[in-house]
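Take a look at the structure set out below.
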Amino acid sequence: MDWKTIIYVILLISLTVAKALPRTSRDIEEKTSIGQRFSQLQENNFKAIALIMFAQYVPGGTFSRVAGMAEGVTALAKRCAVAASDSPDCLKPLDSIFLDTICQEENLPRFADCCAKKDPKRNDCFLSLKNSSRGFLSPLERLDAEAACRNHSQHQQPLTGHFIYEVSTRYPFLYAPTILSVALRYEEMVKNCCGSAGGASHHLEECFQRQAPKVMKPVREDALRQEHTCEILKKFGERTLKALKLAQISQKFPKADFVSVHKLVVEVADMHRDCCRGDTLDCMRDREEILHYVCTNQHILSSKIRQCCEKPLLKRSECIVNAENDNKPADLSPHVREFIEDKGICDRFAQEKDTHLARFLYEYSRRHPEFSAQMLLRIGKGYEDLLQKCCRPGAPSGCHSRGEEELRKHIYETESVMKTSCDIYKEKGDYYFQNELLMSFTKKMPQLTSKELIKFTKEMTAIGSKCCQLGQDKLLPCAEEHLDLVLGEICRRHLANPINPGVCRCCSSSYAFRRPCIGKLEIDDSYVPLALTPGLFAFHGDLCTMEEEKLQHRKQEMLITLLKYKPQISPEQLGSITAAFSAMRERCCRETNPEACFLKEGPELIKRSEKMLSA
């Protein structure tokens with residue numbers, strides 16, 4: 001059986017299992033035994049899932065070691081299934097069996113502390129060691145095209161298995177169905193390139209280089225989103241995640257009733273809980289169950305997902321996520337006055353607080369697809385604060401109307417921030433817009449390295465390129481939801497290595513208000529500026545010969561160093577120093593010996609600049 005067949009069978013079986021066993025029944029039953037899982041998936045399918053799990057749990061483990069552990073667990077599962085054994089090994093929870101296998105391996109010292117713990121703390125410990133490795137080379141970027149084609153024709157299954165291992169080790173938070181899906185795209189790429197390149201090595205390399213980014217781009221994006229979602233769940237709790245999903249699902253399915261939307265929200269939150277814990281098999285089952293529910297109930301959910309539900313299983317989830325929001329019901333009133341004016345509002349708030357707030361968020365979200373989900377959460381929090389203030393005994397008359405004024409003010413401020421950012425982007429273009437962001441974020445977070453600051457601001461600039469061309473009805477959802485991913489990366493970086501108290505406050509206090517909080521950060525007063533040492537600013541002849549893209553990168557590094565040296569520098573001072581640098585570079589690059597010119601002119605530029613900054 002080849003890998004393509006294996007992958008389809010895995011997902012089809014998991015869908016069948018989900019349909020056959022409703023969640024309410026499964027939740028109160030014992031976990032499925034390893035023998036039962038083996039019987040459901042069959043040997044090769046079980047082995048593929050085991051390979052993913054071990055590769056994600058043992059970062060740095062070699063392919064042979066990970067594959068060996070997968071073989072060992074598969075052999076145990078096979079024995080348990082054949083003999084229907086009631087031996088202790090067969091009756092252990094599946095996650096315990098996988099962790100026992102890792103802990104029995106020799107020469108894995110970094111896991112010793114985790115292995116000393118009892119379940120479920122042991123699993124939590126292993127999950128805490130998972131780290132995203134997006135900075136590593138892509139498995140496709142170092143692939144030998146000729147060897148891949150040769151191996152593909154002779155040993156198709158090991159080649160795809162090795163690719164699954166490579167992706168799993170680099171993306172330990174990536175859901176197993178996504179990895180299996182990208183393995184299909186990889187297999188298709190290898191087949192296309194190896195079959196059409198005519199054997200010439202340069203044609204093979206060109207084909208692989210052209211198609212590899214298309215294969216890997218969705219993986220990187222999906223991995224980032226999944227890690228981001230898990231961090232929201234871990235940091236802010238299930239209530240916040242459910243509120244976020246309620247806003248997003250209400251926007252996508254505005255015709256669906258509250259009960260149907262609420263059911264989906266609970267199912268999706270449960271799925272993320274399983275997936276973020278690393279429960280790969282339950283994670284797969286949960287996803288397929290949600291897909292089944294959505295597609296069998298599309299008549300009450302959305303008219304925009306029919307084509308998605310007709311797609312092959314592997315493409316269905318991505319299609320539904322990216323589908324357009326359904327049209328709002330024709331009879332949907334533009335306002336939600338009943339949540340403000342109804343006389344019984346305070347009683348309902350007191351008796352069923354969370355349900356009442358969820359209904360408000362549902363009603364408001366389905367009416368406003370032009371708002372971002374994060375903004376809708378801020379509106380929901382504002383409504384909650386309003387009721388807490390206005391429902392108290394002795395609250396002044398007109399209390400509710402003042403809350404409405406605050407809401408309008410917040411909407412205006414948010415729209416203004418996005419519009420101003422897009423105006424700057426359209427005026428300056430990618431490079432100079434990124435420089436504006438570098439100036440802002442270096443002052444807010446000078447503890448970040450130059451590489452980190454350039455990476456994060458480059459991602460933000462890409463958001464401008466993607467979102468600022470959209471109409472006003474799509475700008476906010478596009479811009480803030482993509483920006484939320486970047487800010488999530490920054491906050492995870494802070495969690496791993498604290499940046500400063502301001503970033504700590506913004507990353508910890510409120511998910512919904514994280515973007516406005518970071519936006520309002522100013523110069524970090526706790527930062528001790530860099531000292532002016534002889535090597536802090538160095539100018540050499542390569543400034544005349546490097547390609548434009550590398551020159552821009554070098555200039556950005558110098559800009560960051562300057563801001564870390566003088567965080568209080570004014571825009572006028574910065575403009576003068578930049579102009580002086582450009583003039584020096586132009587002068588020296590005309591000389592026959594640019595290096596000698598820079599050695600002479602560089603220190604003089606630094607001396608003049610220091611004098612100006614000290615004035």
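Cβ atoms here come from the backbone N, Cα and C positions, even for glycine.
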C295: disulphide-bonded cysteine as recorded in TrEMBL, out of C276, C308, C309: C309
C90, C115 - which one TrEMBL pairs with C103 by disulfide: C115
Candidates C491, C517 - disulfide partner of C506 as recorded in TrEMBL: C517
Average pLDDT across the domain 'Albumin' (410-607), rounded to a whole number: 94
From disulfide-bonded residues C114, C230, C276, C308, C319, the one whose Cα lies nearest C283 (disulfide bond): C276
For C230 (disulfide bond): intrachain residues, at least 6 apart, with Cβ closer than 8 Å: F173, H272, C275, C276
C491 (disulfide bond) versus C149 (disulfide bond) - Cα distance in angstrom: 42
CB within-chain contacts under 8 A for C491 (disulfide bond), separation at least 6: E231, K235, V503, C506, C507, R514
Pairwise CA distance, C115 (disulfide bond) versus C193 (disulfide bond), rounded so that it is a whole Å: 44
Whole-number Å value for how far C467 (disulfide bond) lies from C80 (disulfide bond) (Cα to Cα): 54
Alpha-carbon distance [D279 (Ca(2+) binding site); C346 (disulfide bond)] in Å: 41
Inter-residue Cα distance where the pair is C319 (disulfide bond) and C309 (disulfide bond), in Å: 8
